[in-house]
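Okay, structure first, notes after.
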Amino acid sequence: MAGKQLSTKTVVAIGIGAAVFVILGRFVSIPTGIPNTQIETSYAFLALMAVLFGPVAGALIGFIGHLIKDATTFGPWWSWIIVSGVVGLLIGFISNRLKVEEGDFGWKKITLFNAVQAGAQALGWFVIAPVLDIVIYAEPANKVFVQGIVAGISNIITVGVLGTIIIAAYAKTRSKSGSLSKETS
């Protein structure tokens, strides 16, 4: 990385973010009835971190977090690990447009966030994950596309609801620029 390195704050966010992703993925997920496919709250947290720290942090939190989660359960499933990184990366690309650090996360920004996260999740779970499952693991197409569609839809909804609430709550803790005025005596 000639010239541009990650800040200490971002590196710490990646470490903590990956750890929280693992914990949420292991202990706060809901089975769907489709084999190896859960409703994951970890993607709402990944969206928050990607929005706050950008695409590199989002990609690394998703990738490292999913890798550790899989490694501590049934073993790494690389196609889905890669997609978690891709989803974090793509959501992170809008961090500069959303600027939630400035205390504003109104309807226009909520709409932009949800359009991007839904597009990122759809690309990742409806296309990339199933195709990689077929290429890497020779899994049957009908099985992996059903898993991808269920995972994608549940992640879109989870991030759309829980992710939006978390980001909006975070934005409310920030002072809007120009919201403070000097008192005259």
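Just so it is clear, glycine is given a Cβ too, placed from its N, Cα and C backbone atoms.
Note that the coordinates shown come from a computational prediction; the quantities given were computed from them, not determined experimentally.
Features reported for this protein in Swiss-Prot:
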TRANSMEM  11-31  transmembrane segment
TRANSMEM  44-64  transmembrane segment
TRANSMEM  74-94  transmembrane segment
TRANSMEM  118-138  transmembrane segment
TRANSMEM  149-169  transmembrane segment
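Listed as Cβ neighbours of the transmembrane segment (11-31) (distance under 8 Å, sequence separation of 6 or more from its ends, same chain) are residues 38-42, 45-46, 49, 52-53, 57, 60-62, 64-66, 68-69, 72-73. Listed by sequence, the residues of this chain that lie at least six past the ends of the transmembrane segment (118-138) yet keep a Cβ under 8 A from its Cβ atoms are 43, 78-80, 82-84, 86-87, 90-91, 144-145, 147-149, 151-152, 155-156, 159-160.
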